[in-house]
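*Asks:* Sharing a structure below in structure tokens format, with a few things to ask.
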Amino acid sequence: MPKPINVRVTTMDAELEFAVQPNTTGKQLFDQVVKTIGLREVWYFGLQYVDNKGFPTWLKLDKKVSAQEVRKENPVQFKFRAKFYPEDVSEELIQDITQKLFFLQVKEGILSDEIYCPPETAVLLGSYAVQAKFGDYSKEAHKAGYLSSERLIPQRVMDQHKLSRDQWEDRIQVWHAEHRGMLKDSAMLEYLKIAQDLEMYGINYFEIKNKKGTDLWLGVDALGLNIYEKNDKLTPKIGFPWSEIRNISFNDKKFVIKPIDKKAPDFVFYAPRLRINKRILQLCMGNHELYMRRRKPDTIEVQQMKAQAREEKHQKQLERQQLESEKKRREAVEQEKEQMLREKEELMMRLQDYEQKTKKAEKELSDQIQRALQLEDERKRAQEESERLEADRVAALRAKEELERQAADQIKSQEQLAAELAEYTAKIALLEEARRRKESEVEEWQHRAREAQDDLVKTKEELHLVMTAPPPPPPPMYEPVSYHVQEHLHEEGAESLGYSAELSSEGILDDRHEEKRITEAEKNERVQRQLLTLSNELSQARDENKRTHNDIIHNENLRQGRDKYKTLRQIRQGNTKQRIDEFEAM
């Protein structure tokens, strides 16, 4: 029994391990991977490995895994990656898993600076990536520092601005909050819709030379072949759509492209190594097939996948609406509960206020009663004193009468009697004056007693009003309410140095509609506004001395009003012959 081969396949978010037989083909391994992760849009993807010479290579599906130039290691390492890119992610990507894999791969390309991304776009994309991971921003769930372990923006962008890590996180948190209500899957798609407008998105670059020996870049992507000057990967100079190409072939390092326009000469360039020409041919065949397929009616399989995706999306929207409804209901109940608690606290405060007022009124009443009793005691004492003085006056009158009678009856010493009489007369006058004063005091005390009695009656009436007022209402009781791209090469022999592929363009509709496209920022006012705001914010912290060569090129393109699609229209102008002549002259 042959010993199985241990294989480790790393996707963008998982590691898968398999044991395969020595006769297992690339397709069998590939099918096992896509089945495991539930992927049906298999035509975009491939298995990549580093060959014995250290070059990244795509696993051939029609050959045995063990017969290819994989390193003899245990386990054998593969990466599951997107090999071909869609023209428009929002129109072509069907499954959520497909969107997620593209999102993670493109994000990694931007963060590692393999795909140039300007600063303001990098921050906006970072906020969408945060939304895709964390969902809606919440002050309770997302405390300060919740982004501290996240890779958010390219290191190049951070180095170019005088902002701390915390300041970058604060900016992204603000934009994260702006995306409230957006589903995680939708955030990934919004990320890709913006990222696909970046100049280097989805392009495979290869070093080539024209017949003059000029060093150039060949860019192979979903739309065709583009030629770049050696010092500028952002701005293609010449473009050939796939619909203009009928045959691609190479012999050793010489690569020949035959246009559909038979009046045009062959498009010839040279690659430094044979294996590069093989990769170019494979990518050309795969991209051309997908380009043609997109311009034909969908197959039954794709129609079924789209119908299923629509149904799943509709179901998710319903679930989202139900969750939102339930969330709003819970929030309403919480608000109602908080309102009742506030009302209860207000009632308790009012009751305490009533109690304090009642106690104060009772104390005032008690004080007034005490004061009234004191006044009554003083009035009684004054009354008794007045009565005593009256008795003394009466006794004095009687004594006077007695003396007068004695004076009449007895004849004694006239002077002595007169002196006694004068003495008693003076005493009577004094007593009379004292009696009048006491009577006046009695009247005053009686007046004050009446006032106290009136205050007492008034206080009793106020207390009675407080005690008989209806109590505040009690707080209410709370009731908690597939198919693969045909990209393998038909070889004449194992050591053959020449390969050729015919590219058919029959039966396609609107073969160059991509030239009518505009960027997401141009058609989406919200994205346009966000990018403008971010650009203004970051310009104040930018260190102009740290601008890279790509920054300078990008800014110059912006200044001249160019973007990815305007450039595409420009580089395809003229007939095929004119553009080939232009390439030869570079």
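Backbone N, Cα and C define each Cβ position, glycine as well.
Quick paste of what Swiss-Prot says about this protein:
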type: COILED; residues: 302-462; note: coiled coil
type: COMPBIAS; residues: 308-340; note: compositional bias 'Basic and acidic residues'
type: DOMAIN; residues: 2-295; note: domain 'FERM'
type: MOD_RES; residues: LYS60; note: N6-acetyllysine
type: MOD_RES; residues: TYR146; note: phosphotyrosine
type: MOD_RES; residues: TYR354; note: phosphotyrosine
type: MOD_RES; residues: SER366; note: phosphoserine
type: MOD_RES; residues: TYR478; note: phosphotyrosine
type: MOD_RES; residues: SER535; note: phosphoserine
type: MOD_RES; residues: THR567; note: phosphothreonine
type: MOTIF; residues: 115-120; note: motif '[IL]-x-C-x-x-[DE] motif'
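What's the neighbourhood like for these features in this structure?
*Replies:* Model confidence over the coiled coil (302-462) stands at 85, taken as the mean pLDDT rounded to a whole number.
The compositional bias 'Basic and acidic residues' (308-340): residue composition by secondary structure is 33 helix, 0 strand, 0 coil, according to DSSP.
In the three-state DSSP assignment, the secondary structure recorded for LYS60 (N6-acetyllysine) is coil. When other Cβ atoms within 10 Å of the Cβ of LYS60 (N6-acetyllysine) are tallied across all protein chains shown, the result is 19.
The C-beta environment of TYR146 (phosphotyrosine), restricted to residues of the same chain at least 6 apart in sequence and closer than 8 Å, consists of PHE134. TYR146 (phosphotyrosine) falls within neither a helix nor a strand when secondary structure is assigned with DSSP, and so counts as coil.
Every protein chain shown contributes to the tally, and the Cβ of TYR354 (phosphotyrosine) ends up with 15 other Cβ atoms within 10 Å. DSSP gives TYR354 (phosphotyrosine) a helix state.
Counting Cβ atoms from all protein chains shown, SER366 (phosphoserine) has 11 others lying within 10 Å of its own Cβ.
For SER535 (phosphoserine), the same-chain residues lying six or more positions away in sequence with a CB closer than 8 A to its CB are PRO119, GLU120.
Spatially close to THR567 (phosphothreonine) yet at least six residues away along the chain are GLU199, THR235, PRO236, ASN557, judged by Cβ distances under 8 angstroms.
Among residues of the same chain six or more beyond the motif '[IL]-x-C-x-x-[DE] motif' (115-120), those with a C-beta under 8 A of the stretch's C-beta atoms are 106, 109, 153-154, 157, 160-161, 195, 198-201, 233-234, 531, 534-535, 538, 542, 550-551, 554.
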